[in-house]
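Here's the structure we're looking at; comments come further down.
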């Protein structure tokens, strides 16, 4: 497997006004005449990082990255107004049209895999293929496993402060309780809840707890967008039917798809990726490649996951725009 590509600069960037409220930040890297590939970040609310470019060979790919509504450099920051799965799907199309791209490869991990599935199922004719990591489909059982009951059995020490901030009488629905505070008028409590929510997720993202990775949650600007937007999407079930992305997987069975999944992913357990793989036809569908990496967790920043994603993007070099 090839290592990640060396750091390289952005060719051009800008803001695209996608509604009366929202302006999304985007950047383009690599070969201007190359095969287009769009990177969908996690969260929702996580924003892009410079290292996100490095999966894509800059001598082959024209890579497009952007901050979703309310995230990163997009404006207004941490805004929940007109911010739903389907607004983001329409933003991807608006960006594709703005950049005059006919079709592209769609690459997304965690929430990015959710958005990639939603987009590709709505616009399969615009997709050359999909590279998906740490599959998350927004089913209620997936959300409750991580935010309510399940993952706490493996990380009780980190779950304790996440739980403690919510009064006992409200703990039967932790997401709802957090949402009330993350959208409330008490700024101090809002920031405290954002940090606590984000710490729970960063602490559980790697196979081995990484104190440096947890420090991300100490940045109040990042944590507020991450926690507010995630919670907003999750309490609303992504504005789709429960299980919709699995049930409608047949719409993209004809596309080349690579799924990369950590065996010990606590944030997005492997069962979801397996359910998706089966819905796509499983081993009978030669368009789909399913990879379980045995000794990693959820994060894309674990070395074996990085290598698998670079390898997946390299395999897709045979695809022509």
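Backbone N, Cα and C define each Cβ position, glycine as well.
Automatic, uncurated: that is what TrEMBL annotation is.
Neighbour list (residue 110 (active site, nucleophile), Cβ cut-off 8 Å, at least 6 residues apart, same chain): 42, 43, 133, 134, 136, 267, 268, 298, 300. Under the heading active site, nucleophile, TrEMBL lists 110.
There are 28 other Cβ atoms within 10 Å of the Cβ belonging to residue 265 (active site). Among the features that TrEMBL reports, active site is placed at 265.
Per TrEMBL, the feature active site, proton donor maps to 298.
Positions annotated as domain 'AB hydrolase-1' by TrEMBL: 36-304.
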Other CB atoms, at most 10 A from the CB of residue 298 (active site, proton donor): 27
For the domain 'AB hydrolase-1' (36-304), the mean pLDDT of the predicted model: 98
